[in-house]
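Copied over from TrEMBL:
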- HIS542: active site, proton donor (ACT_SITE)
- HIS585: active site, proton acceptor (ACT_SITE)
- TRP541, HIS542: FAD binding site (BINDING)
- 107-130: domain 'Glucose-methanol-choline oxidoreductase N-terminal' (DOMAIN)
- 309-323: domain 'Glucose-methanol-choline oxidoreductase N-terminal' (DOMAIN)
- 1-16: signal peptide (SIGNAL)
Amino acid sequence: MFSLLLACVAIPLALAAPTRSSNTTLEDSFDYVIAGGGLTGLTVASRLSENPSIRVLVIEGGQDNHNDPRVYDVRTYGQAFESDLDYNMTSTPISWRNGTQLPMAAGKTLGGSGSINGASWTKGPKTQYDLLPLLIGDESWGWDGLNQYMLGAEHFYAPSNELKSKGADFDGHKHGFSGPVKVSFAQGMFGGINQPALNASEQVWGLEHVDDVASGIVNGATIIPNMVQPDVSQNRSSPYTAYILGEPQSRDNLVILTGHRAVEIRWNNTCTQEEPECVLTADGVYYQASRESERLFVKASREVLLAAGSMQSPQLLELSGIGDPAVLNKAGVSVKKSLMGVGKNLQEQTKNTVTYTPKSDDFEGSGPSSAIAFPNVHQLLGNASSTVHAETLAGLAEYAAQLEAQGLVASANATHRVLQYQVENLFNNSEAAAEIFFTQALATETSAATVGADLWNLIVLARGTIHISSNDSFDLPTVEPSYFGHPLDLKLQTLATKQAHEVYNTAPLAEMVSDVTLPAEVPSDYAGWETFVKDTFTSVWHPIATLSMMKEEFGGVVDNKLKVYGISNVRCVDASVLPVQLSAHLSSSLYGIAEKAAVMIREDQV
């Protein structure tokens, strides 16, 4: 008998057994209640429910849309944004951009953002993962420790000779071959501009070709695989199809409730502000289908696991009375535990786009795009590199103090130290400072074929916040990314954009395009490019660090076991816990975090 996957209805359904009638409520106790059925939530749920004696409930706000082409066809990337498959959150108004509020995409569907993203499979440099042990005090979170879990999630398929002729390459020692997530070079992988773009990039930045960025070596030019089926369908290998579809569906001990959201954690005990050492224990979770629907409760006999993503996991903690008392009091939420780092330390990247008219619309494939250049900071800054490095380091203490004064971080001293780590890493020759993702868009009935690049500064020094705006879970949180909050962020974004245009003006790539379509007027100097960047950038939608895994004195929210400080049985298992950005698309790292989380949770069952 398969586990229940229940859609939102007017009256929530009973979930413990398929024979229950549809007008009864869920009153059962589960060992684990997981708030969020995205990438990490489904991964952890699948692993924990491998033990038939462990009962797992996943509460997901979206529906099962895995048969929707906006989900399964990676080539439709972008169509799910600002739709019913998106929570449709936005940034706060940007004062220097006429009050513009930018979309902050977050998947509202089973599999979360892992079901609507670009499906890119990359990893960051080893040295960036090796920052994590410095921040949390646990060597198992470094590259050697975390990478084994990334490998465990992956089922890599080697490219065919035809795909190799288009530039697909790999190092078999750097991949996993028995995990649930299918990783392959798509059968429809473009030829077209891929090789000329990488060739021109190597000339402009002096890059070397990197066979495989899963190696922990990222600085260079490369072609990446995607999380897609290795057949002609090249359908997405989503968190749902990888970890739930198939055998896990038959587990009576795994229940997935769609169309509902966890709205508050209920506590077994209380702690006063005069009892800083007091430890809270979660009793379970309240959940609802809509703002107007009945508020129901489900007990978690072991743990509550937060997997709602970097924008909604901190929201749930704050709604439950955990966070900065000033934020909670303003929203009308009673303080249950003061934890200053909740919702702070947000790090989000910024993306710009340049586009061109190709001389030929034969791209030798149907996509998705897969060619990327990863220049380092010295290749972007050129001769100014040493000066910028020194100036950046010299200003970090004052900058960190400003961040604390603005309520963007929990501790200036700790943030200063973290920023120093980041800057020293960034100015390492092996680090990728920007990503230039070369794109090819086929002609449609309404638009001509284009080529171009999406590009972004990878390691942002800006810090932002995500906080509740009221005591109602159905009011979206306030997202303040603080775009370009540090001058180096804007400098690197501007240089990457300007230099991406130079790549398109370098042979052999220049010979394949005719007109520039974006920018409409090519800037003549750096100042013009900076204006273009500020006027046209969007978010990359890689938000992290809002429940950072760091030592508590660093402003951390969760410890090395992903447990929230001061709470005995609540963990966070999603992107919120990553304390610093990576020069990578995040999916592989998040699968690694989730796989590692499941192992740690199982170890604590003994």
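Yeah, the Cβs are placed from backbone N, Cα and C, and that goes for glycine too.
Remember, it's a predicted structure, so these values are computed and weren't measured experimentally.
With helix defined as DSSP H, G or I and strand as E or B, the domain 'Glucose-methanol-choline oxidoreductase N-terminal' (107-130) counts 8 helix, 4 strand, 12 coil. Long-range Cβ contacts of the domain 'Glucose-methanol-choline oxidoreductase N-terminal' (107-130) within its own chain (Cβ-Cβ under 8 Å, at least 6 residues beyond either end) map to 5, 36-39, 41-42, 60-66, 68, 70-71, 74, 77, 80-81, 84-87, 141-143, 146-147, 150, 154, 183, 213-219, 224-228, 236-240, 244, 256, 258, 309, 368, 370, 372, 425, 428, 430-432, 541, 580, 582-585, 587-590. Note on HIS542 (active site, proton donor): other Cβ atoms within 10 Å of its Cβ, all shown chains, come to 22. Confidence for the domain 'Glucose-methanol-choline oxidoreductase N-terminal' (309-323), expressed as mean pLDDT, is 99.
For the pair the residue listed as 'active site, proton donor' and HIS585 (active site, proton acceptor), the C-alpha distance works out to 8 angstrom. With DSSP states grouped into helix (H, G, I), strand (E, B) and coil, the domain 'Glucose-methanol-choline oxidoreductase N-terminal' (309-323) comes out at 7 helix, 2 strand, 6 coil. Its Cβ taken as reference, HIS585 (active site, proton acceptor) is surrounded by 25 other Cβ atoms within 10 Å in the chains shown. Reported as a whole number, the C-alpha separation between TRP541 (FAD binding site) and the residue listed as 'active site, proton acceptor' equals 10 Å.
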